């Protein structure tokens, strides 16, 4: 006992000296103040937990202001009425029927021949551009294009086509006598730029993209250039109909035609919105027509209301925050040197800064050029009101700023990961990254094999397998339950059942469940590690303590020290069992441990139970316990006696085996003698 007391006293002295050394080291580190401490620097320099939480709280409050301003700026730039303008134009041009050959009623998507195109252009398109129904008779203007009565066409519409040469492809030698011409699919190399037909005017002579000021367009079959043979229509319905009739009678559309574009721009003064409209008619090499309609409603004139000026203030404030974060990242770069580029959140910060700057540059260019573009349209009312470039800039701006806001929201996890509970997702993804990577290799091998098989088997008849990329997305939709089995069954009745059932079994039932099992197992391990991790001051406790101190200064109530260990020590029996299993204990040993200390498996292991367990262990060490516990010396002697008994029993067993063998031999000898 004296030796035990002496050892305890020495341990206390060592602890006191260690505490003194740590306190002095902390004081030294506190004295060494670092200019502009960030959360990463505070964690690297082993700052006090409270100081680290304080630094992180300040960064989070600054970032929260940035997120709020960025959200107002991005959402405020989007007019919620753009959908209704786009929807109205689509309903007028593509969802209303018109008469075609033999007075057959067809829709826009039913256009299949050049004759259908001319019926659409001369009747339905002209009637839609010149909307004559008005609310007041005095508002009618026969030289104005009003769509749906509220949308004014800027300038005039334009019809344009691109063509290919007759020698752009080669007919096979077996059929050269039957086919005297060969027109390939559209490409810049195969494009025909020579005059044709009347060879007089822009409709019959080629104009480059610098003249037409049109951008290239990616259709369903090919990507078409901005040049071509074009004709600007006029702001009079009868004259427009005469122009279209003249193009039709003089065979403006021939076998060389690969795409026809009808472009016009409208403005809605009620909503302050522009709509850049494009009706596309592709003429594939297989024959027929593939129609497509593209309506892009955008807000190009920003400073129209007081709210627009408020959005401008939010935008400028966001760029001030970006300047601050550039300095923030530069500060960490100076401190961490090359290690700075190894952190994951570094690249997230880079993405936010770069995307915000690019979107700001696009917004600046758009704002500077839009007035000049509108002035040009006002000064040239007989030309096509081309705002395609402005629409593309707005589209890129919307895409970039949307991705930027998404990344900004994702960065909030950086601050939430500082809490134990919130960091479960981050830790789970980190730990299972290698397993998921190995699983992904196996998954994509099988997935690409099925994609290739479906493309080759069903690609010639099923649209959802018509290309390798489309087949990939079709199989991804199949995992979510979106699949048309009857379509592939009609294409190939023999292989469709095998293809569908094997894919569902391997991918849906096996691979997908393997993926979920990896996530679940890793998540369970992370929860166990969090349960047995050392307790630290959390952000919630730090905020609670700060509020208490704040109210105490005003004398609202007396501040009492919060029990910092009670809620952190409480743990369920399941968490304790998982922790013991993690340490290598068997189920039998864990049950004996619970039975020894009378722990109820359905109860909660709280502070009182822990104190009782620790007091019993201390009594055992001191020898003050009233119960008869086995001493170490007695246990060792009993263990030696058990080993001696075990050896004795082993020798007796060997002798008994020897006697049994002898008896069996004697029995065999007696049988031989009797015979």
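A Cβ is built for glycine as well, from the same backbone N, Cα and C atoms used for every other residue.
Keep in mind that TrEMBL annotations are predicted by a computer and have not been checked by a curator.
Here TrEMBL flags 600, 604 as Ca(2+) binding site.
TrEMBL lists 1-17 with the feature compositional bias 'Basic and acidic residues'.
TrEMBL lists 169-182 with the feature disulfide bond.
Among the features that TrEMBL reports, domain 'Polycystin' is placed at 108-301.
What TrEMBL lists as domain 'Polycystin cation channel PKD1/PKD2' is 302-526.
The feature region 'Disordered' is assigned by TrEMBL to 1-26.
Here TrEMBL flags 57-76 (among others) as transmembrane segment.
The annotation transmembrane segment is assigned in TrEMBL to 309-328 (among others). Same-chain neighbours of the transmembrane segment (309-328): 38, 62, 65-66, 69-70, 72-73, 76-77, 302-303, 349, 352-353, 356-357, 360, 363, counting only residues six or more beyond its ends whose CB sits under 8 Å from a CB of the stretch.
Long-range contacts of the transmembrane segment (340-365) within the same chain: residues 40, 70, 315, 318-319, 322, 325-326, 328-329, 332-333, 393, 396-397, 400-401, 403-404, 407-408, 410-411, 414, each at least 6 residues beyond the stretch ends and with a Cβ under 8 Å from a Cβ of the stretch. Residues or ranges marked as transmembrane segment in TrEMBL: 340-365 (among others).
The transmembrane segment annotation in TrEMBL covers 396-416 (among others).
Residues annotated as transmembrane segment in TrEMBL: 436-458 (among others).
Here TrEMBL flags 464-483 (among others) as transmembrane segment. For the transmembrane segment (464-483), the list of distant contacts is 447, 450-452, 454-455, 457-458, 500, 503-504, 507-508, 512: same-chain residues at least six beyond its ends, Cβ to Cβ under 8 Å.
According to TrEMBL, the feature transmembrane segment maps to 495-519 (among others).
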Taking all residues of the domain 'Polycystin' (108-301) together, what is their mean pLDDT?
88
Candidate with the highest Cβ count within 10 Å, taken from the disulfide-bonded residues 169, 182:
182
Close approaches to the transmembrane segment (495-519) from elsewhere in its chain (Cβ under 8 angstroms; 6 or more beyond its ends):
428, 432, 435-436, 439, 442-443, 446-447, 450, 453-454, 457-458, 475, 478-479, 483, 485, 488-489
